[in-house]
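**Q** Copying in the features that TrEMBL gives for the protein in this structure:
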| type | residues | note |
| --- | --- | --- |
| BINDING | 66-73, 153-157, 207-210 | GTP binding site |
| COMPBIAS | 32-48 | compositional bias 'Polar residues' |
| COMPBIAS | 658-667 | compositional bias 'Low complexity' |
| DOMAIN | 57-369 | domain 'Tr-type G' |
| REGION | 32-54 | region 'Disordered' |
| REGION | 648-667 | region 'Disordered' |
| REGION | 854-874 | region 'Disordered' |
């Protein structure tokens, strides 16, 4: 890979005995203010130019992922500085960073919420409207021309997992940053696996190599051993005086040269040395290591890419160019599952190695055009790809959308006619996913969106297919952290923000459809088109929110509503007996940050109570079937809806399986919605198909024909209303007031007897809430039991402390050991459950991984012995324990861990599942809950 920020090619530099010295000069800052005219609308167009190039091909949507304190924000700040976006280097310790702009982030020195920012690499002016984007020549690297990079800096703390998940949902590639001293840490494994689940190509940057104890070789080995991928070393550290005097630069393995960064500089002045020049200046060992690294890289690629094998057979290693290697790397990381991960070296705080990383982002990571087809559904049932839909390849009579009539026979084709569907698709102007909502202290809301097709234009009416409502995008922004730049359009593949939307939430699909009725939206089935939603993990801690006075209750409720719209991993419930409002979240830090935001930023006059564990209640047996008519008067208006509902317990493992629509009933369609906490709504419609249309031949001679649904109650609106009501009904259990868990709520809808002239979505929602509560309270003879959150904890300790930690976890804390891991080739303990960071099927032989020698040891350049795996720089053998432990036993665990390990132990944990509390602990738990008022 050629680093194009150097002024000459490597071939030309070989002709001179002097090193290339290049001072990188930032272009004028492109950090536009809101009143500056927008010049970058044309760039985001996905239309090909007359030269055959697509500007969408020159867009990268990437994220920075890592364990906490690995250097994500520092690396991001260097990227912004070298791209010319900022004029000075932001510092986390000084609180002067661009992406960490919240007061809490700057005070704590950590990233709390993801920040989106757009810049160009390599630096260059935005193309003017109408300017052609020239195509690249076959041997020209992508990093030789400016690309638009939409970057999202994500949090590293486990409490903010949802913030990472919703960012990953819209990314096309990721840079995983590793601490060169700590190596691959527990949260690194977690975000790596989450990225793999979204099929996101990843590259690795080993950071902090300037620090004492930095171990690049061992970290590379851990990439293979713990992340389950072959590390392709593309950059190696260039140590000074065998490493004892620090890091002086990096070796560009692909181009075969050394890049030296002068001490104390800002990283813009770089000296480039060819292999010959390195030998002439007395760096023969480093030149030889670069040769070994390049040969090892080509050998690794030849095992995974046939293209590089063909190049080798044509002329050997010497005939393989830097561009050949780059293209081979690209093909490898775009494959799924990803078997090869390019690894780069540097030290962001010392301004070393960031420009080669930026080149790698452009050269290796995919454009939006190269990503898998986004998954969509209609009414939550018919699944397929958005590209297939737009190409006319997705039909609504696919197997997952077949229905059966009352006799159990297929209802036949219910898809729209080809001409009608083609016409409907032509009117679909844009399709976007809302992946984040943020608000300031004044309540001004920004909805961040990723556009997947078409062009989202200013002043466009947007149909929310989840809420079945219309909102208008009067203005559009491109975000630079907390500084918006107003633009005229957001085009396919781009990320932007829409101010002023009052209803849109995280995970909602927004479409622009020409000629749509603002009240009823596009015609079916386009009105139910939904992109794959963003899953929300269950909250496990909660704290009471008490207003300072009764007069503040309304304002606090408004602030909480805004807080929940921002962060769906928070939830609010009101205790039915005490009337106490409780805020639930993912962890203690999560709730602390949320409480501070509520009081300090949103100006809510309230007190936050002590953080407590969020238990759940669960049914012990199925409840009696309830059916009847619900009637109620609201604001002088009579509401009415019929019901036929039954509740039954659900297995904890049921959330990991799904049933296709129509497979659970012998007649009509079946809609199944997962609503969190392993709860599910099942809606059976005996006389309706999957789109909510009356079934053909659905009525017998002695039964009146079933009518169609009212225009104001499409099937998606009915599902949403039942979902909202059911969520409210399950929010408080009958025994202790905890939310219910693992419940299957089965509704049967017969439009002849359950829908009336005064049946509205409000009526359906209120009916569902009332009936679900009544069923749980009065018609479940077995009552409920208590479930508790069980955490999957990953603890890293030294060998000497291993026995004490295992005994403490399994005996004193009632946990179960899942695995013990000290080396890549070590098998789990007998009886332990196998656990892997990603189920990729990639087998990595750690002994075959190439690494350069670390400066503090005599490690082989090609392998490390198994006895050295898991070693820290000081020679202490580290062990990793994975255990399932009740959350109650892990509260305050860090203090105990430090005591048992003399301060050397670390751990992370995440919710694994909820389990019924054992009889031996249940009595004590219930006594404690009653003492706390539950």
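Each Cβ is built from the backbone N, Cα and C atoms, and glycine gets one as well.
Looking at the shown structure, what environment does each listed feature sit in?
**A** Mapped onto three states, the DSSP output places residue 66 (GTP binding site) in strand.
Regional average pLDDT for the domain 'Tr-type G' (57-369) in the model is 87.
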**Q** Looking at the binding-site residues 72, 157, which sits with the largest number of other Cβ atoms within 10 Å of its Cβ?
**A** 72
**Q** Looking only at 66, 69, 154, 209, the binding-site residues on record, which one has the least crowded Cβ, with the fewest other Cβ atoms within 10 Å?
**A** 69
**Q** Secondary structure at residue 154 (GTP binding site) (DSSP, helix/strand/coil)?
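**A** DSSP assigns residue 154 (GTP binding site) to coil.
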